[in-house]
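These notes concern the structure reproduced below.
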Amino acid sequence: MGELDSGLTAWMLVSASLVLLMTPGLALFYGGMVRGKAVLNMMMMSFGAMGLVGVIYVLWGWSMSYGEQSFGGLFANPFEQFGLGGGGVFTPEGEAIIEDGLPLIVDVGFQATFAIITVALISGALAERVKFGTWMVFSGLWVTLAFFPMAHMVWGGGLLSEDGPFAGIAEPVDFAGGTVVHINAGIAALVLALVVGKRRNFGREPMRPHNLPLVMLGAALLWFGWFGFNAGSAYGADGLAGLAWVNTATCAAAAILGWLVTEKIRDGHATSLGAASGIVAGLVAITPAAGSLTPVGSIILGLVAGALCALAVGLKYKFGYDDSLDVVGVHLVGGLVGTVLIGFLATDGGLFYGGGFELTLVQIIIAVVAMVLSAVVTLVIALALKATMGWRVSDEVEVGGIDLAVHGEAGYESLGGARVTTEVKA
Amino acid sequence: MKLVTGVIQPHRLDDVKSALEAAGIRGMTVSEASGYGRQRGHTEVYRGAEYTVDLIPKVRIEVLVDDEDATAVTEVIVGAAQTGKIGDGKVWVVPVDDVARVRTGEHGTAAL
């Protein structure tokens with residue numbers, strides 16, 4: 001039990017609040033990108049994840065991620081600190097345990113927000129066509145079987161951490177969640193898009209974003225929240241947090257430019273959707289790297305991530321998978337770019353700073369291991385749900401609009417059909 | 001009586017309205033419409049996916065007139081709406097059997 005660092009504790013409480021705001025931000029970002037008849041369902045997938053994961057995290061999420069009883073470095077015992085008991089977060093007298101100046105209960109809150117947003121990110125692959133109940137069950141299973149183990153492996157001293165077997169080559173770097181959050185969610189989105197299948201008339205019928213101002217508002221809130229995500233992951237109110245903050249701002253800024261230049265050359269227009277997407281691509285890429293790059297290195301990373309993600313979002317049409325809102329093109333590709341380029345751009349051990357290939361190699365290894373594990377777990381859950389609850393709503397519901405059929409609401413007055421109110425029940 | 005209907009470029013509406021008023025037309029109905037003719041639609045690109053948008057915003061303007069005024073009103077609309085570019089729209093005239101003014105119950109030309 002150490003001494004409380006009030007500056008650190010205050011900053012971490014702020015950071016946790018910022019990261020929690022990212023999920024409603026994501027709901028706006030995603031909601032604006034779907035057609036108007038599905039905006040509420042799209043947003044509800046994020047809010048549903050907030051509800052369910054927010055509860056699960058304190059029950060067994062923390063214990064599985066940061067508990068002491070690790071099973072082979074893959075995950076920790078969910079029952080050891082179930083409900084934050086077991087003496088891990090509070091003393092038997094009920095006092096908050098302080099570690100390195102920070103009450104662990106504050107860390108519980110901070111980490112819970114990461115679990116929530118990671119699950120919500122996946123929903124972008126499932127726009128307009130998935131049963132809400134199946135999504136909720138998936139959320140609970142996936143966060144338990146894919147997210148908590150990955151958090152344990154990378155941050156909880158497990159397989160992919162600096163205490164794991166690959167650390168012998170070089171110490172793997174994942175500052176704020178390139179593997180745990182973005183590669184994890186990105187590969188899960190790819191697997192789900194393949195298992196769940198395309199929307200009716202995908203690639204034939206226009207599926208235009210119905211509200212780009214919502215998308216831009218969402219991107220702005222994500223950016224704001226991301227300062228908690230990355231600078232908060234410094235676990236200090238100090239220079240490292242400052243570096244992560246500046247790198248986060250710089251990389252996202254450079255990625256806007258990278259994306260806009262790419263689409264201006266390719267499509268002839270610099271678009272608002274491109275700017276919003278570039279912000280997110282840059283934020284994803286800097287996530288694992290925020291603490292180990294110089295701000296100039298962040299510019300390079302942002303330009304590369306913005307350009308590559310702008311090119312990657314077209315792949316779904318080429319390969320015919322309906323990753324509706326480009327979770328793969330932005331989060332998987334951006335996460336991989338950030339995770340691997342650490343090997344080149346890290347000031348400590350990066351190739352461009354006099355290091356060898358070891359860091360790049362270990363970064364590739366942790367990225368590949370994370371992808372394989374997440375893909376396998378996601379595939380098993382997705383197929384099990386397909387065989388039992390089923391993923392898809394009926395064609396009639398999908399075409400008519402999932403909001404009205406599944407949630408009994410319409411996002412906009414004009415989308416409720418021609419309705420004449422005959423009776424009001426109070 | 002005739003119903004003169006024009007589907008025109010939205011940015012020409014103000015000029016058409018002024019021209020009709022100058023020609024002594026006292027009422028009209030204007031609604032938003034969408035459609036396409038020979039000009040077809042336009043393309044939009046979202047995250048690299050190109051969409052052809054067939055239906056383009058237009059304005060529909062409708063004027064009820066006496067038989068002998070129909071040609072003149074048509075020419076007024078055409079003259080004021082014309083830009084000479086593809087997509088200017090169309091104006092057509094159809095016969096009307098009867099018209100009733102709701103407030104007074106008058107019928108026929110008295111209701112115009």
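Any Cβ shown, glycine's included, is placed from N, Cα and C.
Annotations in TrEMBL come from automatic prediction, not curation.
TrEMBL has this to say about the protein:
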- A:10-412: domain 'Ammonium transporter AmtB-like' (DOMAIN)
- A:12-31: transmembrane segment (TRANSMEM)
- A:38-60: transmembrane segment (TRANSMEM)
- A:108-127: transmembrane segment (TRANSMEM)
- A:134-155: transmembrane segment (TRANSMEM)
- A:175-197: transmembrane segment (TRANSMEM)
- A:209-229: transmembrane segment (TRANSMEM)
- A:241-261: transmembrane segment (TRANSMEM)
- A:273-290: transmembrane segment (TRANSMEM)
- A:296-315: transmembrane segment (TRANSMEM)
- A:327-347: transmembrane segment (TRANSMEM)
- A:359-385: transmembrane segment (TRANSMEM)
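Each residue in the domain 'Ammonium transporter AmtB-like' (A:10-412) has a pLDDT score, and their mean in this model is 96. Most Cβ pairs under 8 Å with the transmembrane segment (A:241-261) belong to A:209-229, among the candidate stretches A:38-60, A:134-155, A:209-229, A:359-385. Note on the transmembrane segment (A:273-290): residues 29, 33, 173-179, 181-182, 209, 212, 215-216, 218-220, 222-223, 226, 229-231, 233, 243-244, 247-248, 251-260, 263, 297-298, 301-302, 304-306, 309-310, 313, 326, 330-331, 333-335, 337-339, 341-342, 345-346 of its chain, located 6 or more positions outside it, place their CB under 8 angstroms from a CB of the stretch. For the transmembrane segment (A:12-31), the most Cβ-contacting stretch among A:38-60, A:134-155, A:209-229 is A:209-229 (pairs under 8 Å).
Long-range Cβ contacts of the transmembrane segment (A:175-197) within its own chain (Cβ-Cβ under 8 Å, at least 6 residues beyond either end) map to 114, 117-119, 121-122, 124-126, 129-130, 142, 146-147, 150-151, 154-155, 160, 229-230, 232-233, 244, 284-285, 287-292, 316, 321-324, 327-328, 330-336, 338-339, 366-367, 370-371, 374-375, 378-379, 382-383, 386, 391-392. Against the transmembrane segment (A:38-60), the recorded stretches A:108-127, A:134-155, A:209-229, A:327-347 differ in Cβ pairs under 8 Å, and the greatest number is found for A:108-127.
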